[in-house]
Amino acid sequence: MESRHRGLETGSWGREGRNKREARKSLGACEVKKTCGSGLNDGQWHAVRLVARENFAMLTVDGEEASAVRSTSPLTITTGGTYHLGGYFLQTLFPPSQRSFQGCMQAILLDDQPADMHAVEKGIMGAFENVSLDMCAIIDRCMPNHCEHGGRCKQTWDSFSCTCDGTGYTGATCHTSIYEPSCEAYKHRGRSSDTYWIDPDGSGPLGPFKVNCNMTEDKVWTTVMNNLPPNTAVTGSSRERRTVLQVNYSASMDQVTSITTSAEYCEQLISYSCRMSRLLNTPGETHLHSPPTREHTAEGGRLFRSSQSQHVMCNSY
C-alpha cells in the first residue's frame, strides 16, 4: 500500500505535538501495529508506503525505513481485504476530526494498483466519510513565506510561525535585527573595543556582518577585515603573465558602502613589500584599480591618492 499525504494528523496518531504515521494489520487474533515518522503536520507532501509479506511488515515515510516488524510465530499475510485509509470507522466517543487524518491524499496504490476513489464515491465499493474528492482544501500558510531574512516557516492547521535561529533577526516574522547598526552604537552602550556584528540598515536586506570596533579615541573607528594572512607571498608574475590576488572581505560591497556613506572619513590601506621591483625605477609606473572604475597611478614610490584616501606603501630591497 502506498500513498502521498499532506496536512495535519491528530487523534490517536498524534503525540506530544509530534505526529506520526500508524498502520494496523489484523490477522485473526493477532494485530500488528507499526508507527514511524514525526513532525508530519508541516503542510508538505509526505510519501507513505506499507509492505507486508510472510512474517514481515515494513512501514516507510518519505523513503526512510523504520525498523522492520517480524512475527515470532508463523503468519500468513494475504491482501485484497479491507483497508482503512486516513482513519477507521470503529464506534468511539471521539468525533471524526479526532480519530482520522485531516489533510489531503493523492496517488493511492493498493497492491501496486491505483485505487478507484470515484468507485468509492459512487458506492460501488467501500465507503467514505467526510471526504472531498479531486480537491485539496488545505491552505499553505508558508507559501508565500512570510518569514524574513531567511527565517524558516512552520505551520499548523490554522496558523504559522517563524524560526529565526541563526538569522541575526527576531520577532514574529524575523523582522527586527538583534545587532546594533554601528560601532558607535555599541560605544554608547558602554562596550569596549572588540569584534562585533553590526547591521547598518536594520531590518533592510543587507544583513549583519562582522567588523572590528576601535573605541580608544574620541572618534570610533570601524574596520572591515579581509581574509588575507599577514606577509602573504605573491610570486610568479611576469610581463607576459600577471598574478591576480583575490582578497575577500567580511562584508559585501553593498555592506561596505552602507558604512562609507555614513562615515565622516574613510580610508583603505594597502601595504606591500617588493623584491627587484620597477616601482622605484625611472621611468616606471604602478597602477591600482579599485571600484567603482577608479584607477590610481604612482610613480617612483609615491603614494596612491584618491578621494577615498587609498594609501599604498612600497619598500624595495
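Using N, Cα and C of the backbone, Cβ positions are placed for all residues, glycine too.
Automatic, uncurated: that is what TrEMBL annotation is.
Since this is a predicted model, take the numbers as computed values, not measurements.
Taken from TrEMBL, the feature domain 'Laminin G' covers 1-136.
Taken from TrEMBL, the feature region 'Disordered' applies to 1-20 (among others).
Taken from TrEMBL, the feature domain 'EGF-like' applies to 138-175.
Here TrEMBL flags 174-226 as domain 'Fibrinogen C-terminal'.
If you look up TrEMBL, you'll see 283-309 (among others) marked as region 'Disordered'.
As annotated by TrEMBL, compositional bias 'Basic and acidic residues' applies to 286-299.
Across the domain 'EGF-like' (138-175), mean pLDDT in this model comes to 90. Break the domain 'Fibrinogen C-terminal' (174-226) down by DSSP state and the numbers are 6 helix, 18 strand, 29 coil.
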